[in-house]
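Below is one structure; the comments refer to it alone.
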């Protein structure tokens with residue numbers, strides 16, 4: 001990975017120079033576009049569309065379109081793109097990741113490429129990490145696009161399908177990665193063209209691209225439905241596990257996140273259940289319940305890995321600190337945690353449709369992204385998504401002071417020192433942002449601050465709705481904000497307060513909405529913004545004198561990038577600022593990787609609990625541990641992708657055929673091919689031995705009877721009545737006779753249905769039969785593929801490559817599924833033929 005990163009950086013230098021040249025050319029057009037009237041500037045949109053319609057390309061109108069959007073942003077928002085923002089916008093248009101430091105205005109940067117690419121009329125998707133940011137950006141940046149005559153939509157979790165379709169039909173659509181991915185899956189489960197909401201995957205700009213394409217890449221998007229299963233065993237084992245003792249009855253590997261039951265544990269569980277052998281075939285499922293119950297107890301921590309809200313267990317993303325709404329652990333893990341927390345146990349689910357974010361975003365013809373920290377992941381973004389990372393220079397020189405880590409023996413001593421440091425900083429009027437690794441830690445620190453009488457705001461998965469308001473005020477003099485890792489990411493902490501967000505809050509309190517009352521909102525905005533900016537600037541000056549924003553990390557994250565993101569909140573736009581991490585020997589990362597050596601040394605030297613050490617050994621150990629974990633996670637994501645690649649190719653085939661069937665007004669040729677291929681497959685299987693006397697024609701006819709019901713017997717063929725002397729019947733003769741018979745019977749079905757409702761009715765029936773069969777067989781296939789993947793690792797014990805075996809067996813299973821779709825569709829259609837015959841007989845009786 002290191003070598004690739006180095007090579008990428010070499011090419012990056014040339015790219016930056018090219019972007020600087022482009023930005024200079026756009027800036028050179030500033031006076032020309034500033035002299036246009038509002039009407040003339042707005043008319044540019046139609047002019048650009050006409051030029052594209054006449055054969056020009058986006059690159060031909062690139063400079064003019066950027067200059068137009070830049071001038072419109074100034075007139076509508078009072079914000080003009082800096083040179084570095086134009087560079088970032090150009091990098092996005094060319095399909096790169098623009099790495100722009102916190103505070104450099106990524107949201108405004110996005111306006112330029114979104115406007116340019118929307119002119120093609122194929123749709124632009126701007127992807128954010130949560131509903132709030134999607135709605136905020138659609139409202140704020142959407143004001144520029146709407147002013148220029150483009151339509152803007154936003155996909156929110158509560159929208160109905162019809163509303164989603166309207167939003168996707170807009171020129172520019174804002175939404176979260178989850179909502180876009182789930183809509184893609186739902187579209188590929190639709191039974192009617194009217195149920196489709198997305199119109200394709202043309203161009204996506206992914207905000208916080210590292211969070212979406214890397215941190216969340218290991219977790220697939222899954223639409224599932226309940227399956228039958230008993231929840232009693234989850235409760236039984238939730239009561240058994242607390243009676244077991246770690247290291248005596250079972251062992252835990254926190255690094256690998258695995259558990260193992262020991263012989264003593266097996267005996268104890270057998271006694272508690274009153275059974276003889278836990279591993280007997282009739283008890284085989286109990287081992288899975290036991291393992292999940294132990295994992296729920298040992299590896300899943302409340303308020304860190306999940307929270308319980310309104311009687312529901314909700315997963316917390318370990319990287320972002322945000323709740324993953326609608327996501328559930330699979331393979332019974334979620335139910336085991338529900339049993340542990342004594343809340344309602346919901347049914348286990350069967351996968352109906354699934355896709356990884358990696359493969360969803362690779363659907364786009366052009367993909368780009370923005371982030372403040374992507375350099376450490378440049379190689380992964382290039383290998384998996386073919387995205388190059390370009391570091392955009394800062395608008396002003398960075399003045400942030402990154403102080404050395406302080407290491408304490410205990411967590412209690414560490415947090416006491418943290419509170420002391422906060423108290424000292426705010427006494428001087430300096431705002432403080434405190435980063436924690438979990439909801440639990442943020443609330444623990446909140447309690448300590450409350451005891452000291454220190455006013456503060458808490459920003460974590462439990463307080464998601466107040467996120468913007470809290471972050472907008474985090475830069476006020478003496479403000480204290482406690483946040484989980486990336487809570488609040490996407491919203492700048494501006495020294496003195498964020499004037500845009502504070503004004504938006506004020507206008508909404510007055511009852512003005514940028515969507516509903518766009519004109520009145522714009523008038524009030526232009527009137528109030530200068531006053532709000534002045535008030536914030538006066539406060540900002542006081543904060544600068546106090547040293548700027550102080551960012552305090554209470555623990556190192558296993559990813560350097562997450563640490564860098566936290567640090568990056570300080571020192572935006574050339575402001576002063578400082579950062580420091582407080583660590584303890586009992587922090588998760590220290591326990592896992594630094595080990596007891598350092599703690600033993602501190603004990604030997606009699607270092608008091610409240611005295612920190614600054615050690616290069618510890619710092620280097622942490623860096624090494626982070627690099628090790630990052631490499632492990634990268635390998636895991638690559639492994640997920642390799643296995644999902646098998647499913648992805650199969651998914652593309654099924655979804656493509658499904659869409660073709662959905663869009664076709666006449667699928668009779670599909671059905672007739674299915675009839676021919678199914679009959680041919682039956683005959684081929686029955687006549688594989690080659691000699692008539694070896695054929696099991698009774699078995700073949702029984703199968704054909706269940707399939708469609710031949711109008712003649714095999715004896716009538718073999719006895720020579722139709723094919724000369726007995727024994728001269730060939731497999732091809734048999735196939736030809738059966739094909740003619742089946743086709744004739746299907747023609748009778750078509751005649752009967754057409755007589756009742758016309759030919760269109762027959763075509764509708766064919767589609768109504770085929771679509772549910774495809775969906776049912778695909779669901780069964782997904783289940784079987786999951787089952788195959790669970791056990792495929794054991795093939796390594798037989799010196800076979802699990803991935804190769806998975807590809808081979810998965811391919812065989814996919815081919816079998818396609819045959820099963822044909823067979824079941826043909827069977828159901830001929831069943832209708834039999835029903836028509838029966839109705840005729842009853843009518844004539």
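Note that Cβ sites are derived from N, Cα and C of the backbone, with glycine treated the same way.
Record check, Swiss-Prot: ATP site residues include 85, 103, 104, 105, 106, 107, and the candidate from 492, 500, 504, 513 also listed there is 492.
The Cβ of residue 492 (ATP binding site) lies under 8 Å from the Cβ of 102, 103, 471, 498, 572, each of these being in the same chain and 6 or more residues away along the sequence.
Its Cβ placed at the centre, residue 107 (ATP binding site) has 21 other Cβ atoms within 10 Å. A Cβ within 8 Å of the Cβ centre of 85, 103, 104, 105, 106, 107, 492, the residues given for ATP, is found for these other residues of the same chain: 100, 102, 108, 109. Taking all protein chains in view, 23 other C-beta atoms sit within 10 angstroms of the C-beta of residue 103 (ATP binding site).
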